[in-house]
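Enquirer: I have a structure here, written as structure tokens, and I will follow up with some questions on it.
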Amino acid sequence: MAMYGGQIHLIIGPMFAGKSTELIRLVKRYQIARYKCLVVKYEKDARYGNGVRTHDNTCISAVPTASLDDVESISEHVEVIGIDEGQFFPNIVSFCERMANAGKVLIVAALDGTFQRKPFTNICELIPLAENVTKLNAVCMYCYKDASFSKRLGNETEIEIIGGSDKYKSVCRKCYFF
């Protein structure tokens, strides 16, 4: 296993910040450069079929899975691995470290915090292992300033509720408390 050349690129931020768009852009750039790429998406997010699709309908083919262990064998045959909705994979830290140490480039798009502004611990643990961390902001859907947080609409308290603008709004600090 190669111990050099691999890297982890982490893209974090709230809902609607463009994390999946940036993931797709980076993977497509590697594809143009003729790298073998694999994109993985969270299996329970079935809103857009078998691809990773942005809120503005940009799409890339992806393998749906509930566990990154399930894609480890096909990961051996690629050089770049894109992971969307990284916060939903409990073993993302060990998987990314293993793959990067094997010489692979990992591009992970993930929420950094819950709708309660609590950290996704697995993503926070990935930060010191990443060569590059990009924190994106969205636009506050109430006052149109920079938005760093995701606010859930409705009264559900579970952390994992898949949805788009029907379930969440991106908000700034001030509007989070409205």
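Here the Cβ of each residue, glycine as well, is placed from N, Cα and C on the backbone.
Per Swiss-Prot, ATP binding site is recorded for Gly13, Pro14, Met15, Phe16, Ala17, Gly18, Lys19, Ser20, and the stated evidence type is similarity to another entry. The annotation active site, proton acceptor is assigned in Swiss-Prot to Glu85. Marked as substrate binding site by Swiss-Prot on the basis of similarity to another entry: Phe115, Ile159, Glu160, Ile161, Ile162, Gly163. The Zn(2+) binding site annotation in Swiss-Prot covers Cys140, Cys143, Cys172, Cys175 and is backed by similarity to another entry.
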Enquirer: Where the distance is taken from Cα to Cα, which of the recorded positions Glu85, Phe115, Cys172 turns out closest to Gly18 (ATP binding site)?
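Expert: It is Glu85, whose Cα lies nearest.
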Enquirer: In whole Å, how far does the CA atom of Phe16 (ATP binding site) lie from that of Phe115 (substrate binding site)?
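Expert: On Cα coordinates alone, these residues lie 13 Å apart.
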Enquirer: Ranking the binding-site residues Met15, Cys172, Cys175 by other Cβ atoms within 10 Å, which is at the bottom?
Expert: Cys175
Enquirer: Can you tell which of Ala17, Cys143 has the least company, meaning the fewest other C-beta atoms within 10 angstroms of its C-beta, among these binding-site residues?
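Expert: Checked Ala17, Cys143; of these binding-site residues, fewest Cβ neighbours within 10 Å: Cys143.
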Enquirer: Pop the Cα-Cα gap between Pro14 (ATP binding site) and Phe115 (substrate binding site) into the table, whole Å please.
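Expert: Cα of Phe115 (substrate binding site) to Cα of Pro14 (ATP binding site) measures 9 Å after rounding.
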Enquirer: These are the binding-site residues: Gly13, Pro14, Gly18. Which one scores highest on other Cβ atoms within 10 Å?
Expert: Pro14
Enquirer: Within 10 angstroms of the C-beta of Ser20 (ATP binding site), what count of other C-beta atoms is obtained when all protein chains are considered?
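Expert: The answer is 24 other Cβ atoms.
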Enquirer: Around Glu85 (active site, proton acceptor), which of the listed binding-site residues (Gly13, Pro14, Cys140) come within 10 Å, judging by Cα atoms?
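Expert: None, since no candidate lies within 10 Å.
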Enquirer: I want to verify one value. Collapsing DSSP to three states, which class is Ser20 (ATP binding site)?
Expert: helix
Enquirer: Reduced to three states, what secondary structure does DSSP give Gly13 (ATP binding site)?
Expert: strand
Enquirer: Using a Cβ-Cβ cut-off under 8 angstroms and a sequence gap of six or more, which residues of the chain neighbour Lys19 (ATP binding site)?
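Expert: For Lys19 (ATP binding site), the qualifying residues are Ile11, Ile12, Gly13, Asp84, Ala109, Ala110, Leu111, Leu136.
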Enquirer: Give the sequence-ordered set of same-chain residues, not counting Gly13, Pro14, Met15, Phe16, Ala17, Gly18, Lys19, Ser20, with Cβ within 8 Å of the centre of the Cβ atoms defining the ATP site.
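Expert: Here the non-site neighbours turn out to be Leu111, Leu136, Ala138, Ser170.
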